[in-house]
(Lines of atoms letter the chains of each structure in order from A and count residues from 1; the text may use other names and numbers.)
(Lines give C-alpha, C1' and ligand atoms only; values in the text may rest on other atoms or scores of the structure.)
Protein backbone atom coordinates (compact mmCIF):
# COMPACT_ATOMS: atom_id res chain seq x y z
CA UNK A 1 0.00 0.00 0.00
CA UNK A 2 2.80 2.40 0.86
CA UNK A 3 4.52 1.72 -2.45
CA UNK A 4 1.26 2.25 -4.33
CA UNK A 5 0.71 5.55 -2.56
CA UNK A 6 4.21 6.67 -3.41
CA UNK A 7 3.62 5.89 -7.06
CA UNK A 8 0.42 7.91 -6.98
CA UNK A 9 2.40 10.88 -5.68
CA UNK A 10 5.04 10.38 -8.35
CA UNK A 11 2.61 10.15 -11.24
CA UNK A 12 0.57 13.08 -10.10
CA UNK A 13 3.58 15.32 -10.11
CA UNK A 14 4.48 14.48 -13.70
CA UNK A 15 4.52 17.76 -15.64
CA UNK A 16 2.33 19.64 -13.19
CA UNK A 17 1.00 19.70 -9.66
CA UNK A 18 -2.63 20.44 -9.22
CA UNK A 19 -5.46 19.03 -7.21
CA UNK A 20 -8.79 17.55 -8.16
CA UNK A 21 -10.91 15.04 -6.31
CA UNK A 22 -12.11 11.47 -6.56
CA UNK A 23 -14.01 10.78 -9.71
CA UNK A 24 -17.73 11.31 -10.04
CA UNK A 25 -20.11 8.94 -11.76
CA UNK A 26 -20.93 10.16 -15.24
CA UNK A 27 -24.58 10.27 -16.22
CA UNK A 28 -25.85 11.12 -19.67
CA UNK A 29 -29.15 12.23 -21.09
CA UNK A 30 -30.49 12.43 -24.62
CA UNK A 31 -30.52 15.99 -25.88
CA UNK A 32 -33.13 17.36 -28.27
CA UNK A 33 -30.89 16.82 -31.29
CA UNK A 34 -30.35 13.19 -30.34
CA UNK A 35 -26.78 13.62 -29.13
CA UNK A 36 -25.76 12.30 -25.74
CA UNK A 37 -24.78 15.16 -23.45
CA UNK A 38 -22.72 14.45 -20.35
CA UNK A 39 -23.94 16.16 -17.23
CA UNK A 40 -21.55 18.16 -15.13
CA UNK A 41 -21.06 17.25 -11.46
CA UNK A 42 -23.74 18.78 -9.30
CA UNK A 43 -23.16 22.16 -7.68
CA UNK A 44 -22.75 20.37 -4.34
CA UNK A 45 -19.79 18.43 -5.74
CA UNK A 46 -18.08 21.18 -7.72
CA UNK A 47 -14.83 23.00 -7.10
CA UNK A 48 -16.69 26.11 -5.96
CA UNK A 49 -18.63 24.29 -3.25
CA UNK A 50 -15.77 22.09 -2.07
CA UNK A 51 -12.70 24.31 -2.30
CA UNK A 52 -13.60 28.00 -2.68
CA UNK A 53 -16.90 28.91 -1.01
CA UNK A 54 -15.89 27.37 2.37
CA UNK A 55 -13.25 30.13 2.54
CA UNK A 56 -15.95 32.83 2.12
CA UNK A 57 -15.17 33.68 -1.51
CA UNK A 58 -17.83 34.15 -4.16
CA UNK A 59 -17.47 31.48 -6.84
CA UNK A 60 -19.23 30.72 -10.12
CA UNK A 61 -19.27 27.42 -12.03
CA UNK A 62 -19.05 27.79 -15.82
CA UNK A 63 -19.02 25.29 -18.68
CA UNK A 64 -17.49 25.69 -22.13
CA UNK A 65 -17.66 23.30 -25.10
CA UNK A 66 -14.62 22.89 -27.35
CA UNK A 67 -14.82 22.81 -31.12
CA UNK A 68 -14.27 19.02 -31.02
CA UNK A 69 -17.07 18.47 -28.50
CA UNK A 70 -15.45 18.23 -25.06
CA UNK A 71 -17.32 19.95 -22.23
CA UNK A 72 -14.93 21.68 -19.84
CA UNK A 73 -15.59 23.27 -16.47
CA UNK A 74 -14.27 26.65 -15.40
CA UNK A 75 -14.47 28.24 -11.98
CA UNK A 76 -14.59 32.00 -11.55
CA UNK A 77 -13.70 33.99 -8.44
CA UNK A 78 -14.95 37.43 -9.53
CA UNK A 79 -13.93 39.38 -6.40
CA UNK A 80 -11.76 38.96 -3.34
CA UNK A 81 -12.93 37.90 0.09
CA UNK A 82 -13.53 41.52 1.10
CA UNK A 83 -15.79 42.06 -1.92
CA UNK A 84 -15.44 44.84 -4.45
CA UNK A 85 -16.69 45.88 -7.84
CA UNK A 86 -17.26 43.16 -10.43
CA UNK A 87 -16.62 43.44 -14.12
CA UNK A 88 -13.73 45.89 -14.35
CA UNK A 89 -11.05 43.69 -12.84
CA UNK A 90 -8.38 42.30 -15.18
CA UNK A 91 -9.09 38.60 -15.83
CA UNK A 92 -6.49 35.89 -15.15
CA UNK A 93 -6.75 32.33 -16.47
CA UNK A 94 -4.95 29.64 -14.42
CA UNK A 95 -3.96 26.46 -16.28
CA UNK A 96 -2.80 23.37 -14.41
CA UNK A 97 -0.39 20.65 -15.50
CA UNK A 98 -0.66 16.99 -16.43
CA UNK A 99 -2.51 14.52 -14.18
CA UNK A 100 -3.88 17.43 -12.19
CA UNK A 101 -6.87 19.76 -12.37
CA UNK A 102 -7.75 23.29 -11.30
CA UNK A 103 -7.53 22.52 -7.60
CA UNK A 104 -3.75 22.89 -8.06
CA UNK A 105 -4.22 26.58 -7.39
CA UNK A 106 -6.31 26.00 -4.23
CA UNK A 107 -4.25 23.49 -2.24
CA UNK A 108 -2.77 25.93 0.25
CA UNK A 109 -4.60 28.22 2.71
CA UNK A 110 -6.19 31.35 1.17
CA UNK A 111 -3.25 33.57 2.08
CA UNK A 112 -0.86 31.19 0.27
CA UNK A 113 -2.86 29.86 -2.75
CA UNK A 114 -2.37 31.78 -5.99
CA UNK A 115 -6.05 31.80 -7.01
CA UNK A 116 -7.12 33.44 -3.74
CA UNK A 117 -4.15 35.81 -3.68
CA UNK A 118 -4.98 37.06 -7.17
CA UNK A 119 -8.63 37.57 -6.25
CA UNK A 120 -7.67 39.54 -3.14
CA UNK A 121 -5.33 41.67 -5.27
CA UNK A 122 -8.04 42.90 -7.61
CA UNK A 123 -8.06 40.26 -10.36
CA UNK A 124 -10.99 38.39 -11.89
CA UNK A 125 -9.78 34.80 -11.47
CA UNK A 126 -10.69 31.92 -13.82
CA UNK A 127 -9.56 28.34 -13.16
CA UNK A 128 -9.33 25.87 -16.06
CA UNK A 129 -9.85 22.10 -15.97
CA UNK A 130 -8.69 20.19 -19.05
CA UNK A 131 -10.53 17.30 -20.70
CA UNK A 132 -10.51 13.97 -18.90
CA UNK A 133 -10.23 15.41 -15.38
CA UNK A 134 -13.02 15.00 -12.84
CA UNK A 135 -14.92 18.16 -13.67
CA UNK A 136 -14.32 18.04 -17.43
CA UNK A 137 -15.39 14.53 -18.40
CA UNK A 138 -18.32 15.58 -20.54
CA UNK A 139 -18.68 15.41 -24.31
CA UNK A 140 -21.51 16.19 -26.71
CA UNK A 141 -21.63 12.60 -27.99
CA UNK A 142 -19.00 10.42 -26.27
CA UNK A 143 -18.67 8.80 -22.87
CA UNK A 144 -15.32 8.29 -21.12
CA UNK A 145 -16.07 4.59 -21.60
CA UNK A 146 -15.63 5.08 -25.36
CA UNK A 147 -12.04 4.66 -26.64
CA UNK A 148 -12.66 7.60 -29.00
CA UNK A 149 -13.10 9.89 -25.98
CA UNK A 150 -9.40 9.42 -25.14
CA UNK A 151 -8.07 9.86 -28.69
CA UNK A 152 -6.08 13.05 -28.03
CA UNK A 153 -2.78 14.46 -26.81
CA UNK A 154 -1.59 17.87 -25.71
CA UNK A 155 -1.81 18.85 -29.39
CA UNK A 156 -5.59 18.92 -28.92
CA UNK A 157 -5.25 20.86 -25.67
CA UNK A 158 -3.35 23.47 -27.68
CA UNK A 159 -5.76 23.41 -30.61
CA UNK A 160 -9.09 23.14 -28.79
CA UNK A 161 -9.09 23.39 -24.97
CA UNK A 162 -6.94 26.47 -24.57
CA UNK A 163 -8.62 28.51 -27.34
CA UNK A 164 -12.10 27.61 -26.03
CA UNK A 165 -11.31 28.69 -22.47
CA UNK A 166 -9.46 31.82 -23.65
CA UNK A 167 -12.37 32.90 -25.83
CA UNK A 168 -14.91 32.21 -23.11
CA UNK A 169 -13.04 34.20 -20.46
CA UNK A 170 -12.41 37.03 -22.93
CA UNK A 171 -16.10 37.19 -23.86
CA UNK A 172 -17.30 37.01 -20.26
CA UNK A 173 -14.83 39.58 -18.97
CA UNK A 174 -15.01 41.84 -22.01
CA UNK A 175 -11.27 42.47 -22.02
CA UNK A 176 -7.92 40.80 -22.68
CA UNK A 177 -6.58 38.44 -20.05
CA UNK A 178 -3.45 37.42 -18.19
CA UNK A 179 -2.42 33.76 -18.16
CA UNK A 180 -0.64 31.60 -15.59
CA UNK A 181 0.52 28.10 -16.49
CA UNK A 182 2.38 25.53 -14.45
CA UNK A 183 4.50 22.87 -16.16
CA UNK A 184 2.40 21.26 -18.92
CA UNK A 185 0.23 24.38 -18.73
CA UNK A 186 3.28 26.28 -19.94
CA UNK A 187 3.86 23.93 -22.88
CA UNK A 188 0.25 24.37 -24.00
CA UNK A 189 0.66 28.13 -24.00
CA UNK A 190 4.09 28.24 -25.63
CA UNK A 191 2.94 25.92 -28.41
CA UNK A 192 -0.09 28.12 -29.03
CA UNK A 193 1.95 31.34 -28.93
CA UNK A 194 4.42 29.85 -31.42
CA UNK A 195 1.55 29.65 -33.91
CA UNK A 196 0.45 33.21 -33.05
CA UNK A 197 -2.70 31.83 -31.43
CA UNK A 198 -4.33 33.56 -28.45
CA UNK A 199 -1.92 36.50 -28.50
CA UNK A 200 -4.53 39.00 -29.69
CA UNK A 201 -6.61 38.40 -26.55
CA UNK A 202 -3.66 38.18 -24.16
CA UNK A 203 -2.17 40.84 -21.88
CA UNK A 204 0.71 38.76 -20.58
CA UNK A 205 1.66 35.24 -19.55
CA UNK A 206 3.42 33.89 -16.45
CA UNK A 207 5.05 30.50 -16.97
CA UNK A 208 6.00 28.58 -13.82
CA UNK A 209 8.40 25.63 -14.30
CA UNK A 210 8.41 26.14 -18.07
CA UNK A 211 8.14 22.91 -20.02
CA UNK A 212 9.11 23.22 -23.68
CA UNK A 213 12.28 21.32 -24.41
CA UNK A 214 12.47 18.26 -22.14
CA UNK A 215 15.22 16.20 -23.76
CA UNK A 216 17.59 16.82 -20.82
CA UNK A 217 15.05 16.15 -18.07
CA UNK A 218 17.08 14.85 -15.14
CA UNK A 219 14.33 13.03 -13.23
CA UNK A 220 15.34 9.33 -13.33
CA UNK A 221 11.75 8.18 -12.88
CA UNK A 222 10.33 10.31 -15.68
CA UNK A 223 13.19 9.47 -18.01
CA UNK A 224 12.92 5.73 -17.35
CA UNK A 225 9.16 5.81 -17.92
CA UNK A 226 9.78 7.46 -21.31
CA UNK A 227 12.77 5.38 -22.45
CA UNK A 228 11.10 2.11 -21.43
CA UNK A 229 7.95 2.97 -23.42
CA UNK A 230 5.68 2.60 -20.39
CA UNK A 231 2.79 4.52 -21.94
CA UNK A 232 3.10 2.59 -25.20
CA UNK A 233 2.85 -0.66 -23.23
CA UNK A 234 -0.35 0.51 -21.55
CA UNK A 235 -1.81 1.56 -24.90
CA UNK A 236 -0.91 -1.82 -26.36
CA UNK A 237 -2.83 -3.42 -23.49
CA UNK A 238 -5.91 -1.47 -24.57
CA UNK A 239 -5.82 1.12 -21.75
CA UNK A 240 -6.94 4.32 -23.45
CA UNK A 241 -7.45 6.21 -20.18
CA UNK A 242 -4.27 6.75 -18.19
CA UNK A 243 -5.60 6.50 -14.64
CA UNK A 244 -2.71 6.92 -12.17
CA UNK A 245 -4.68 5.14 -9.47
CA UNK A 246 -5.39 2.17 -11.73
CA UNK A 247 -3.84 -1.20 -10.92
CA UNK A 248 -2.23 -1.64 -14.34
CA UNK A 249 -0.42 1.70 -14.19
CA UNK A 250 0.87 1.13 -10.67
CA UNK A 251 2.00 -2.39 -11.51
CA UNK A 252 3.97 -1.34 -14.58
CA UNK A 253 5.51 1.64 -12.83
CA UNK A 254 6.90 -0.59 -10.11
CA UNK A 255 9.12 -2.13 -12.76
CA UNK A 256 10.93 1.21 -13.02
CA UNK A 257 12.10 0.96 -9.41
CA UNK A 258 14.17 -2.07 -10.36
CA UNK A 259 16.06 -0.13 -13.03
CA UNK A 260 19.70 0.76 -12.35
CA UNK A 261 20.16 4.28 -11.08
CA UNK A 262 16.57 4.68 -9.88
CA UNK A 263 16.20 5.12 -6.12
CA UNK A 264 12.59 4.71 -5.09
CA UNK A 265 13.21 5.39 -1.43
CA UNK A 266 11.99 8.95 -1.84
CA UNK A 267 9.90 8.97 -5.00
CA UNK A 268 8.77 12.56 -4.65
CA UNK A 269 12.32 13.88 -4.58
CA UNK A 270 13.63 11.54 -7.27
CA UNK A 271 10.81 12.63 -9.55
CA UNK A 272 10.52 16.38 -8.98
CA UNK A 273 13.86 17.26 -7.46
CA UNK A 274 14.45 18.28 -3.86
CA UNK A 275 11.58 20.64 -3.02
CA UNK A 276 12.72 23.23 -0.52
CA UNK A 277 9.60 24.52 1.15
CA UNK A 278 6.73 22.05 1.48
CA UNK A 279 4.91 21.64 4.77
CA UNK A 280 4.34 17.97 5.62
CA UNK A 281 0.59 18.47 5.84
CA UNK A 282 0.32 19.60 2.22
CA UNK A 283 0.89 16.06 0.89
CA UNK A 284 -2.24 14.85 2.71
CA UNK A 285 -4.25 17.70 1.19
CA UNK A 286 -2.79 16.90 -2.20
CA UNK A 287 -3.62 13.19 -2.05
CA UNK A 288 -7.20 13.88 -0.97
CA UNK A 289 -7.82 15.41 -4.41
CA UNK A 290 -5.31 14.08 -6.91
CA UNK A 291 -4.23 12.57 -9.26
CA UNK A 292 -6.49 12.93 -12.29
CA UNK A 293 -6.71 10.94 -15.51
CA UNK A 294 -5.36 11.85 -18.90
CA UNK A 295 -5.25 10.03 -22.23
CA UNK A 296 -2.66 7.28 -22.57
CA UNK A 297 -2.01 8.72 -26.03
CA UNK A 298 -1.10 11.99 -24.31
CA UNK A 299 1.45 10.18 -22.14
CA UNK A 300 2.94 8.63 -25.27
CA UNK A 301 3.28 12.08 -26.82
CA UNK A 302 5.06 13.44 -23.74
CA UNK A 303 7.38 10.42 -23.76
CA UNK A 304 8.18 11.14 -27.42
CA UNK A 305 9.35 14.68 -26.76
CA UNK A 306 11.45 13.49 -23.80
CA UNK A 307 13.13 10.87 -25.97
CA UNK A 308 13.57 13.07 -29.03
CA UNK A 309 14.34 16.39 -27.32
CA UNK A 310 12.13 18.26 -29.78
CA UNK A 311 8.82 20.10 -29.40
CA UNK A 312 6.95 18.24 -32.11
CA UNK A 313 3.37 17.18 -32.68
CA UNK A 314 2.33 13.58 -32.01
CA UNK A 315 4.30 11.03 -34.02
CA UNK A 316 2.14 8.18 -35.32
CA UNK A 317 5.34 6.19 -35.91
CA UNK A 318 4.20 5.50 -39.45
CA UNK A 319 5.07 7.60 -42.49
CA UNK A 320 1.68 7.18 -44.12
CA UNK A 321 -0.28 7.99 -40.95
CA UNK A 322 1.86 11.07 -40.39
CA UNK A 323 1.29 12.09 -44.00
CA UNK A 324 -2.44 11.58 -43.54
CA UNK A 325 -2.53 13.86 -40.50
CA UNK A 326 0.16 16.39 -41.35
CA UNK A 327 0.81 16.18 -45.08
CA UNK A 328 4.39 15.06 -44.40
CA UNK A 329 6.14 11.95 -43.13
CA UNK A 330 7.32 13.50 -39.86
CA UNK A 331 5.29 15.50 -37.34
CA UNK A 332 5.59 19.32 -37.53
CA UNK A 333 7.63 21.11 -34.89
CA UNK A 334 6.38 23.94 -32.70
CA UNK A 335 8.93 26.69 -33.37
CA UNK A 336 9.63 28.61 -30.18
CA UNK A 337 11.46 31.34 -32.12
CA UNK A 338 8.11 32.22 -33.71
CA UNK A 339 6.67 33.49 -30.41
CA UNK A 340 6.00 37.23 -30.91
CA UNK A 341 8.93 39.23 -29.53
CA UNK A 342 6.65 41.84 -27.96
CA UNK A 343 4.56 39.34 -25.96
CA UNK A 344 5.03 40.08 -22.22
CA UNK A 345 6.35 36.92 -20.54
CA UNK A 346 7.27 36.16 -16.92
CA UNK A 347 9.30 32.93 -16.60
CA UNK A 348 10.12 31.48 -13.20
CA UNK A 349 12.22 28.34 -12.89
CA UNK A 350 14.05 26.47 -10.14
CA UNK A 351 17.60 25.21 -9.79
CA UNK A 352 16.49 22.00 -8.08
CA UNK A 353 13.73 21.13 -10.59
CA UNK A 354 14.28 17.66 -12.09
CA UNK A 355 11.40 17.99 -14.59
CA UNK A 356 11.91 21.52 -15.90
CA UNK A 357 15.66 21.06 -16.13
CA UNK A 358 17.94 24.10 -16.21
CA UNK A 359 19.54 23.00 -19.49
CA UNK A 360 16.15 22.63 -21.15
CA UNK A 361 14.99 26.00 -19.81
CA UNK A 362 18.15 27.54 -21.25
CA UNK A 363 17.23 26.16 -24.69
CA UNK A 364 13.88 27.90 -24.38
CA UNK A 365 15.55 31.15 -23.29
CA UNK A 366 17.93 30.87 -26.24
CA UNK A 367 14.87 30.65 -28.50
CA UNK A 368 13.60 33.87 -26.92
CA UNK A 369 16.92 35.75 -27.25
CA UNK A 370 15.41 38.30 -29.63
CA UNK A 371 12.52 39.05 -27.27
CA UNK A 372 12.17 42.74 -26.44
CA UNK A 373 14.12 43.33 -23.23
CA UNK A 374 11.33 44.86 -21.19
CA UNK A 375 8.87 42.16 -22.31
CA UNK A 376 10.72 39.18 -20.87
CA UNK A 377 11.18 38.86 -17.11
CA UNK A 378 13.20 35.86 -15.89
CA UNK A 379 13.12 34.72 -12.27
CA UNK A 380 15.49 32.03 -11.04
CA UNK A 381 15.00 30.35 -7.65
CA UNK A 382 18.05 28.23 -6.93
CA UNK A 383 16.34 26.31 -4.11
CA UNK A 384 13.00 25.62 -5.82
CA UNK A 385 11.95 22.31 -7.39
CA UNK A 386 8.83 21.42 -9.35
CA UNK A 387 6.30 21.15 -6.54
CA UNK A 388 7.40 24.31 -4.75
CA UNK A 389 5.75 26.52 -7.36
CA UNK A 390 2.24 25.42 -6.39
CA UNK A 391 2.66 23.91 -2.93
CA UNK A 392 5.39 25.90 -1.20
CA UNK A 393 4.47 27.80 1.94
CA UNK A 394 6.90 30.50 0.74
CA UNK A 395 5.67 30.81 -2.86
CA UNK A 396 3.63 33.94 -2.15
CA UNK A 397 6.60 36.12 -1.32
CA UNK A 398 9.10 34.24 -3.50
CA UNK A 399 7.08 33.94 -6.73
CA UNK A 400 3.48 35.19 -6.57
CA UNK A 401 4.18 38.74 -5.37
CA UNK A 402 6.72 39.34 -8.21
CA UNK A 403 4.27 37.72 -10.65
CA UNK A 404 1.47 40.11 -9.59
CA UNK A 405 3.84 43.08 -9.84
CA UNK A 406 4.63 41.99 -13.40
CA UNK A 407 0.91 41.74 -14.27
CA UNK A 408 0.28 45.25 -12.93
CA UNK A 409 2.82 46.68 -15.38
CA UNK A 410 1.08 45.20 -18.44
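Even glycines carry a Cβ here, placed using N, Cα and C.
Because TrEMBL annotations are produced automatically, they should be read as predictions rather than curated entries.
Feature list (source: TrEMBL):
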- 183: active site, nucleophile (ACT_SITE)
- 353: active site, charge relay system (ACT_SITE)
- 386: active site, charge relay system (ACT_SITE)
- 49-107: domain 'Partial AB-hydrolase lipase' (DOMAIN)
- 1-20: signal peptide (SIGNAL)
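Secondary structure of the domain 'Partial AB-hydrolase lipase' (49-107) per DSSP (helix as H, G, I; strand as E, B; remaining residues coil): 11 helix, 22 strand, 26 coil. In the predicted model, the domain 'Partial AB-hydrolase lipase' (49-107) shows an average pLDDT of 93. All protein chains considered, the CB of residue 386 (active site, charge relay system) has 31 other CB atoms within 10 Å.
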